[in-house]
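Engineer: Quick one: this structure, given as structure tokens, is what I'll be asking you about.
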Amino acid sequence: MGKTDKVVVGLSGGVDSAVAAMRLLEAGHHVEGLFMKNWEDDDTLTHCAAEEDLAEAQAVADHLGIRLHRANFAARYREQVFEVCLREYRAGRTPNPDILCNQRIKFRAFLDHALSLGASKVATGHYAGVGEQGGRFTLLRGEDPHKDQSYFLYTLGQAQLRHSLFPLSELPKPEVRRQAAAAGLPNHARRDSTGICFIGERDFRAFLSRYIQRSPGPMETPEGQVVGEHQGLAFYTLGQRRGLGLGGLPDHDEGAWYVADKDMARNALIVVQGHAHPRLLSTALVADELSWVAGAPPTLPLRCTVKSRYRQQDQPCALEAGPSPTSVVVRFDTPQRAVTPGQSVVFYQGRVCLGGGIIQTRTPVE
């Protein structure tokens with residue numbers, strides 16, 4: 001692209017997107033910002049986070065001398081991300097709303113809006129990269145292994161990547177902070193946001209219970225012994241330790257308790273003791289709702305590495321054709337802990353992200 005072409009940067013109010021915009025300006029691009037409102041203020045129990053974020057984004061835009069556009073995608077977010085997640089939680093699965101948000105809001109609604117403003121590219125503060133050869137694009141891991149966010153971007157295809165820039169792809173987070181402070185960016189010391197995007201740092205169970213009715217049932221061992229009561233299967237995820245309320249049970253001194261499974265038919269939560277309990281391990285999984293960055297699946301079977309959750313180390317595996325034409329089987333070289341239906345499994349070869357899919361079922365260790 002020419003440096004006179006317009007790039008619209010998604011300014012969130014955070015330091016990453018601010019430095020992304022600054023680096024593009026320094027490279028000579030025509031840069032404008034866009035602040036997305038994806039969650040309605042009246043749906044929060046505390047202060048108005050969106051107003052605070054907007055104020056930070058505007059301060060950054062003013063400091064950089066760029067225009068800041070605003071767009072309200074809250075209705076689309078509720079329908080295409082939040083309601084989808086609620087359905088998944090009610091079905092006993094654990095969705096990843098950040099991946100849905102990237103797919104349906106940031107790289108669809110935001111991208112379309114930016115193009116309508118005359119942009120040729122959009123940019124975000126994600127720690128990932130885009131490669132290009134012969135008019136074909138690849139999604140690359142960010143250079144900083146501790147911040148790489150390609151896991152959350154695996155649904156991006158050729159149409160999105162051709163219009164996308166990730167200016168932080170080669171930077172570690174401490175360097176981003178250093179550049180922000182050196183440039184005097186007004187939000188250089190703002191701490192990173194954490195938690196699920198629409199929940200933030202609020203209590204997960206309390207927030208979700210506003211939308212999903214509590215449905216108590218038994219907590220059981222695999223042998224059928226009832227050891228407690230859960231508040232509703234939607235509020236728990238596989239591998240979870242905190243919030244079970246099972247500490248200090250008599251005749252159970254084998255260690256901490258973990259969620260191992262959900263019996264939806266009986267509304268029973270299956271729990272086990274010990275971080276490495278065999279019931280927490282899986283030898284394989286089936287994934288569908290597949291997305292391939294190249295636009296078409298690779299030839300199977302295929303040796304690659306995968307992540308079945310964010311921040312997991314790459315796990316070597318065999319990728320095979322699945323039980324249906326739209327699914328794949330992942331066979332791990334080493335059994336993996338807490339493989340969770342509803343979460344995403346993402347496929348890699350070296351630095352290149354091939355794509356990924358949604359975990360449907362897992363094969364427990366025999």
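Every residue number used here counts from 1 along the chain in the order it is shown.
Using N, Cα and C of the backbone, Cβ positions are placed for all residues, glycine too.
Got these off Swiss-Prot a minute ago, pasting:
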{"type": "ACT_SITE", "residues": "C101", "note": "active site, nucleophile"}
{"type": "ACT_SITE", "residues": "C197", "note": "active site, cysteine persulfide intermediate"}
{"type": "BINDING", "residues": "G10, L11, S12, G13, G14, V15, D16, S17, M36, G125", "note": "ATP binding site"}
{"type": "DISULFID", "residues": "C101-C197", "note": "disulfide bond"}
{"type": "SITE", "residues": "H126", "note": "site 'Interaction with tRNA'"}
{"type": "SITE", "residues": "Q343", "note": "site 'Interaction with tRNA'"}
Engineer: Given the recorded positions C101, H126, Q343, which one's Cα is the least distant from that of M36 (ATP binding site)?
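Structural biologist: The smallest Cα gap between M36 (ATP binding site) and any of the recorded positions is with C101.
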Engineer: Can you see whether DSSP assigns Q343 (site 'Interaction with tRNA') to helix, strand or coil?
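Structural biologist: In three-state terms, Q343 (site 'Interaction with tRNA') counts as coil.
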Engineer: Can you tell me the three-state DSSP label for G10 (ATP binding site)?
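Structural biologist: G10 (ATP binding site) sits in a strand per DSSP.
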Engineer: Could you give the Cα-Cα distance between H126 (site 'Interaction with tRNA') and S12 (ATP binding site), in whole Å?
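Structural biologist: Given the Cα positions, H126 (site 'Interaction with tRNA') is 11 Å from S12 (ATP binding site).
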Engineer: Drop a 10 Å sphere on every Cβ of the binding-site residues G10, G14 and tell me which sphere holds the fewest other Cβ atoms.
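Structural biologist: Among the binding-site residues G10, G14, the lowest count of other Cβ atoms within 10 Å belongs to G14.
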Engineer: Expressed to the nearest Å, what is the distance separating G14 (ATP binding site) and C101 (active site, nucleophile) at their Cα atoms?
Structural biologist: 17
Engineer: Taking G10, L11, S12, G13, G14, V15, D16, S17, M36, G125 as the record's ATP-binding set, what's the max Cα pairwise distance in Å, rounded to a whole number?
Structural biologist: 16
Engineer: With an 8 Å cut-off on Cβ-Cβ distance and a minimum sequence separation of at least 6, pull the same-chain contacts of Q343 (site 'Interaction with tRNA'), or say none.
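Structural biologist: Long-range Cβ contacts: T94, P95, N96, S308, R309, I358, I359.
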Engineer: In whole Å, how far does the CA atom of D16 (ATP binding site) lie from that of C101 (active site, nucleophile)?
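Structural biologist: C101 (active site, nucleophile) has its Cα 18 Å from the Cα of D16 (ATP binding site).
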Engineer: Calculate the distance in Å between the alpha carbons (Cα) of S12 (ATP binding site) and C101 (active site, nucleophile), and round it to a whole number.
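Structural biologist: S12 (ATP binding site) to C101 (active site, nucleophile), Cα-Cα distance: 14 Å.
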Engineer: Just counting, how many other CB atoms are there within 10 A of the CB of S12 (ATP binding site)?
Structural biologist: 24
Engineer: So how many other Cβ atoms are close to H126 (site 'Interaction with tRNA'), meaning within 10 Å of its Cβ?
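Structural biologist: Other Cβ atoms within 10 Å of H126 (site 'Interaction with tRNA'): 25.
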Engineer: Including all protein chains displayed, how many Cβ atoms other than that of M36 (ATP binding site) lie within 10 Å of its Cβ?
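Structural biologist: So the Cβ neighbour count for M36 (ATP binding site) comes to 25.
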Engineer: Do me a favour and check the Cα-Cα span between C101 (active site, nucleophile) and G10 (ATP binding site); whole Å is fine.
Structural biologist: 13
